[in-house]
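S.K.: Under the heading region 'Disordered', TrEMBL lists B:1-21. Among the features that TrEMBL reports, transmembrane segment is placed at B:40-59, B:107-128, B:140-161, B:181-202, B:244-261, B:296-318. Marked as domain 'ABC transmembrane type-1' by TrEMBL: B:103-317.
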């Protein structure tokens, strides 16, 4: 390719990206525009008269939901890793009996439609008086991430030579001890990737949030936005500011942990 | 969503040896129960995961099946009584005028989403295969919409598609493509089209990533040989890319189907299935029956239907990954 054609291709790529990311730009734009410019018949392409009123409103009405989401998402990460790390270790390193069936069950489990789970989990949570409890939300959200976490950790831990574990066993280390002081440090990156995606899944959850919380102050941010649109249809400025704030943790994770995100997406290229 | 990337990528990656996770044990069965007396003794480590599967997948599934035979209403939550009513819930759902409409909508929504997500995703994957400055950066930035909560991007679209002050109508009017604003989300005739459009947007990055992985697995010397034989760009695409991409295509389409059936957030934020059920799919219908009309038995019936469809295609998916592995190994 000539240099000209390569730059023309870059220009085309930038254009494609601009089209695909336009909705996100439009959200940021609206979050900064004063309400008067939002209702005009001409679109305001740039937030020239930027205002932070939307963010002030959003923070005062949605700040609690953001905290709830943060709490629930971190809880989901903890529950997920607590289940998935030993399971992946048992599957990949110890070749535990019934392992194949478990992997198969998890593969099928990720395909169960969430609405089916919500229906049954609502009844169960009601019976246990866990409606509006963050615990119920943490447990429900973990169903989104446990299969993924087990599968990705399993894929990684299989690449750790069994000789490493066997050497530790000869030195007298118990299986649990080997997991904690040898396998876990070696698998650090895979654990971070699994935890990161557990966080993202829980943060993005809407279905369990909307079904398992009836009291507004207990709702996660996704439900907060949803109810906020219902109540403030015309106040797009604040609605969009809320949307931007709900994207902040995702954006931060993308920047800070970029290579783990990439690892999660291209997990398949883990070498044998 | 991501987990499946593992398998999908596993299937085509000709160069990189990846075993699909679905069948990990078979090949190294000799190790099982070998040194250190593993096997049953190691079961303790996977026991919590088994308990978890039982409590959070098997129990809800079984509960859903049971509820579909019970008269489960809002009073059941107070009295704890929900009498068994046989197939009456199934009859009620079948007779519900919204049901047939919902099935048709679901098929249209799914087929439309898959077709365009795949087509555009493939076009972008082919495009990003070229080497050009910033190619890698642009490709990874395309993934950003995929990682944001769907409620957030759905809200942005709702603002874009707003009838009077939404930018979509404003731009179309300025370009003189339409004379008066189209009520994208408020009209029974276009609401399904609108939610499908947004869902296509949501699914493009996923399709692109997996198809890009598949394209990377096609050996470059095939293209070179074909070019030497005088094959044009279209012929190379038609006779090399498409056939060799078939295993990945099968995976992408089956997974896409399973995910499209599950779509909930996008439709809820945009239209809530309305107006007048015009954008209602089986998933939002199940939600409506259970959590709006509070007829949990009816919602469970629709849920069961979704399970059956999902499980059928889950097996199709597992077969597709296995075939892909066979082909890659061959």
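A Cβ is built for glycine as well, from the same backbone N, Cα and C atoms used for every other residue.
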S.K.: Residues sitting near the transmembrane segment (B:107-128): Cβ under 8 Å, six or more positions beyond its termini, same chain?
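M.R.: For the transmembrane segment (B:107-128), the list is 135, 138-139, 142, 192, 195-196, 199-200, 203-208, 210-212, 214-215, 237, 241, 249, 252-253, 256-257, 260-261, 263, 279, 281.
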S.K.: In terms of Cβ proximity under 8 Å, which residues at least six beyond the ends of the transmembrane segment (B:181-202) contact it?
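M.R.: Counting only partners 6 or more residues beyond its ends, the transmembrane segment (B:181-202) has Cβ contacts under 8 Å with 105, 108-109, 112-113, 116-117, 120, 145-146, 150, 153-154, 157-158, 161-164, 166, 168-169, 172-173, 260, 263, 266-267, 270-271, 274-276, 278-279.
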S.K.: Six or more residues out from either end of the transmembrane segment (B:296-318), which same-chain residues have a Cβ under 8 Å from its Cβ atoms?
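M.R.: Result: 4, 22, 61, 64-65, 67-73, 76, 82, 85, 89-90, 92-93, 96, 251, 254-255, 257-258, 261-262, 282-283, 285-290.
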